[in-house]
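Trainee: One structure, as structure tokens, below. Some questions next.
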Amino acid sequence: CERLGSKCRYFFIYSLFSLTSLTLLKLTTSQNLGSGGWSPLDTDRYPWLQVDLGSKKQVLAIATQGCYSSSDWTTKYRLLYSDTQKNWRPYLQDGNIWTFEGNVNSEGVVRHELQYAILARYIRFIPVDWSRAGRVGVRLELYGCSYWADVIGFDGHGVISYRFRSKKLKIVKDVIALKFRTTAGNGVLLHGEGQQGDYISLELHRARLLLSINLGSNQNGSIQGDTAVTSGSLLDDDHWHSVVIERYRRNVNFTLDRHTQQFRTNGEFDHLDLDYEISFGGLPVSVKPTSGGKENFVGCMEGITYNGENITSLVRRKKVDTTSFRNLTFSCSESNTSPVFFNSTSFLRLPGQTDSDTLSVSLSFRTWNPNGLLMFTALADGWVELGLTEGKITVYMNVTQKKNTRIDISSSSGLNDGQWHSVHLNALENYAMLTVDGDEASTVRTAIPIQIQTGGTYYFGGYFLQTNPRSHQRSFQGCMQMIHIDDHLVDLKAVEQGLIGTFENVSLDMCAIIDRCVPNYCEHSGRCSQTWDAFTCNCSGTGYTGATCHTSLYQQSCEEYKHQGKSSGSYWIDPDGSGSITPFRVHCDMTEDVVWTTLRNDLSPQTSVSSADKGNAVILVSVSCVQMLSVTSSAEYCEQYVAYACRMSRLCLVRPPDGVPFTWWLGRANEKHSYWGGSGPGIQKCACGIEHNCTDSKHYCNCDADLRACPASYLHYPSLRDETSTDISFYFKTSSTHGVFLEILGSTSFLHIELRADSVVLFSFGIGTEKMELSVRSPVPLNNDQWHRVEAEKNIKEAVLQLNGQHRMVRPTTLQGHAKPELYSDLYVGASSGQRGFLGCMRALKINGVTFDLEEWAKGTSGVNPGCQGHCNSYRMHCRNGGKCVEHYNGYSCDCSLTAYDGPFCTDDVGGYFETGTLVRYDLLPEGGPFALRDMKSLSGVGVSSEANLTQEELVFSFSTYSAPSILVYISSRTQDYLAVVLRHNGTLQIRYSLGGLTEPYTIDVDHRNMANGQPHSVNITRNLREIRLQLDHYPVSTYTLPEASDTQFTLVKSIFLGKVFETGQIDPILIERYNTPGFMGCLSRVQFNSVAPLKAALRSSIAAPVSTHGILVPSNCGASPLTISPMASARDPWHIEGAGAVFNLNEDKFSGDGVDRNSAVIGGIISMVIFSVLCIMVFVIRHMFRHKGSYHTNEAKGAESADCADAAIIVNDPAFTETIDESKKEWFI
């Protein structure tokens, strides 16, 4: 680094000057800087020294010395810096404006190394305190380095599009860096996305930086990769800010201005898949329609780099697309605004028109304080005060001619948030107007009893005249800019030069606002709030107390509560005190000498256990694993209790030959255990298996007395010859989301191809302990029952995986020993070793050019059938009313969760009888607004639309009633839009649409019949934009059209009401007065709005949904005619119906295409009825025989200190086991 030194040999009359001639000086403590120095006149009240370095430099240190052979030196000083001689920024350290310690004499040299480099062209030296024996004096020198970077100006239209060399990038590591400067609080800095849902976005939002990243989410919602992190604040200060994003897999370092946040992205994926390009300065045109109106960046950027590529250099060399720029510039345009900084003793006095009948003042401000005086002016008779009170803009007008008439105006709230806000006060003739943030629609107007006359003097920020203390407001602490008086912008440069107005303790051309809540020093999720001088922490609800929420409110254990004399009960504990583990509730048993701490689950007594492919663990306690470990690790003894109640769900502990159990539980060290109460590790039997008293002697657990076999079918080819290079290709189709296609297993090597997460094909292989993995993601789901082609190849140099001839991944092969294959391996088509088997069809399997005859091979293999006819396609029995057919190994089931029906085939009506006054409410749009819909999508069995605004909808329901008038269905919104179906007084039907744009709702009257006749009636209303189609019962469809003046968007759909309306806000008075009282009395069924079934959700307690019921609602099918299914031949009849979601076990014989005559059909029908009766009796008998609910308990003890593993520890502590543990029967890890 070089010295950027300067010294002044002159005395100046004015302190406002720019030093442009720099002399490089060598500074040592033993050598003076030469004669002279800078010393302002005593009459200069606010002196400063400004240094022009000629161009932007990195300043790293400063050295000062007093004036030569004098009593003039500076004991304390501050530094300001700027690129443009405007909008100065103070040097900050430890979150405060830093004051440097200067000299104590005229000859000593004091040098300070800056905590961080200052990037600026201009430096201002501000004396704060100086020699008592003399006056201000200094000789100084700056140390630093040269600095250069390409600067690009963005006008809000131009976007830099950096296109990748290949169409798709699959990246595991990213490094992105840039510097930006702006006065805008919102704007996109960079954006990239892929067709598979991956994206990365960096944007300014309310002057804070928001980094959003998604490495991948699956379509069923079990993996959500969306991650958003915010950093910084007040970034619209027109100063340079540096950003660096470093990502390796899911680990991200996000650095803004030397402050780094480290986090891990959500989800389970490591690669960022981007398509085509990444853009800087805004969104590319291709993604704008789906991105919600985000603003482009306005300001400057420099030093843009993306994974080693210097983007700014490429722009200058015209190597990237910049066609969207209207005028591409490589410079930063200066801002037209000049801020003013006020402290608690500041004010700015400015002149205006005298004796004018119009008062017009406007300004912009930003502050953290809820109270402060913005402007004060005396009138010819009275005064006007504009201020901030509890975060609201207030105006006080005191008119003394009218006996001290006081006029108060207030507007907006929460304006002390540190953001820029504008305010405009205009008083003329006999009224006053107050506008905040340019919102003309919310302008406040009030009458003035007399015509005002201005006094001509305006005070901003404070009013300190002791002779006339009329203002009781606190002085303003913050920044102002764009001050207008009488509609003229105040020239602050002229104020600084003393040409107009006066000021006291005001810093011009600077806004030194500091966000003391960034970073947040409130611990344990405490909420930070601040004023101009300090911050405070709100610790309520955190479990901690203290100035920074550091001290825990709770004891560390039950033992400590006992020492305090507490009795047994429920207590909150915090095992690590002020550490990172949050407090949690436990039950303390203090009845014995030994204190017991119990962690209980907060779930229902019996909780459904998901299958392994939906997640291998079920959390049974309400605390995290870390919290649980904090208790168990300090306990002298630990035991746990687990009960597994089964019905039609097999444990499959023993599966020949030497299979892997399908059910297990996890111990405290996350190890799997497959033994249950009364048994021990490795035995793989339940207590009844050891005591030989299980219901079925063929099984070792009562839960295994099931009619269905545990699924795992595969084709086995022994003695497959290995080659140095291996290529595999095949076609598949499936409706399952997971499954192993094939495996090649050798003694030390393996090869594995499987389907994961319905759209990812995984190809992995390895030798010894080394493993290599490739994956290809399809943009569309692969479980769509369509044929897909997989091609995989590995050789000495590379491995390749290709899907459907389009999606391809290539990786170099690096495994040791790869060139020396084994002679022979075993080929398994399907899953072996207890993994999730493949459910679907495969054909055209070819390995190293050899085609395998799968159909012939399947003829002699159990669980595998030749041909390709799944149960959903092979049988004429289909799921009805929108129910989804789900394939199973031995049959199929119907998923009715997104329909208004129930039953095995989604044909059972779900209806309810409404007593007078009963209503059902289903909330489509929660209080959180449209974004809360994301949380509702996870509700099981509930179809919630992600759209809060609708241009098309379908409403279907059936009803029967004798009562009229009444409201059948009412769909509300957060606006005044609504849809209502009502019965009028004469029993006729009326549909009311109000979508805005019309003075009265659009109504459809069905006058041709009385529908309140006790008979069941069906209604189907479908709207697409303006077209409305209505079908009643068996009548033809009628079409109606909304008027042209009507809107077509159903805005912010909120709630569905059935039977009656109980809603806040403005509701059509006709509905309330004519139809809402006393309410509907009768039956409603089959109610469905788009994919939402509100009545079904209300009547099925097993469905988690945002639904509530008021009054008496009794389940009923309302006498509606049931939907029937065409008869089947008795040999194909899948009777095994035990309620909704039943699985139908079907044999695989194909249907005969031969016709039968009418007599044969009659005989077949009679036989079917007989068989049906017999089967029904058998069903009840079988259910009675197999209603064994095994309740298995486990104890997991300590003892690992003297045992090889956790299982062995249990055996050592419990010698009562009656069977020898075979080493081969220890549990397998799935």
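The backbone N, Cα and C atoms fix where each Cβ goes, and this holds for glycine too.
Remember, TrEMBL labels are computer predictions, not curated facts.
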Trainee: Looking at TrEMBL, which of Cys841, Cys885, Cys894, Cys896 bridges to Cys868 via a disulfide?
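Mentor: Its disulfide partner, as TrEMBL records it, is Cys841.
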Trainee: At a C-beta cut-off of under 8 Å, are there same-chain residues at least 6 beyond the domain 'EGF-like' (513-550) that contact it? List them, or none.
Mentor: 92, 95-97, 231-234, 237, 259, 341, 344, 366-370, 418, 477-479, 572, 574, 578, 582-583
Trainee: How many other Cβ atoms sit within 10 Å of the Cβ of Cys841 (disulfide bond)?
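Mentor: Taking all protein chains shown, Cys841 (disulfide bond) has 17 Cβ neighbours within 10 Å.
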Trainee: Count the Cβ atoms, other than its own, that fall within 10 Å of the Cβ of Cys868 (disulfide bond), considering every protein chain shown.
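Mentor: Cβ-Cβ neighbours of Cys868 (disulfide bond) within 10 Å number 15.
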Trainee: List the helix, strand and coil residue totals of the domain 'F5/8 type C' (35-145) as derived from DSSP.
Mentor: 0 helix, 65 strand, 46 coil
Trainee: Just to be sure I understand, if DSSP states are collapsed into helix, strand and coil, how many residues of the domain 'Fibrinogen C-terminal' (549-601) fall in each?
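Mentor: For that range the per-state counts are 6 helix, 17 strand, 30 coil.
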Trainee: Within the domain 'Laminin G' (337-511), what mean pLDDT does the predicted structure show?
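Mentor: Average per-residue pLDDT within the domain 'Laminin G' (337-511): 86.
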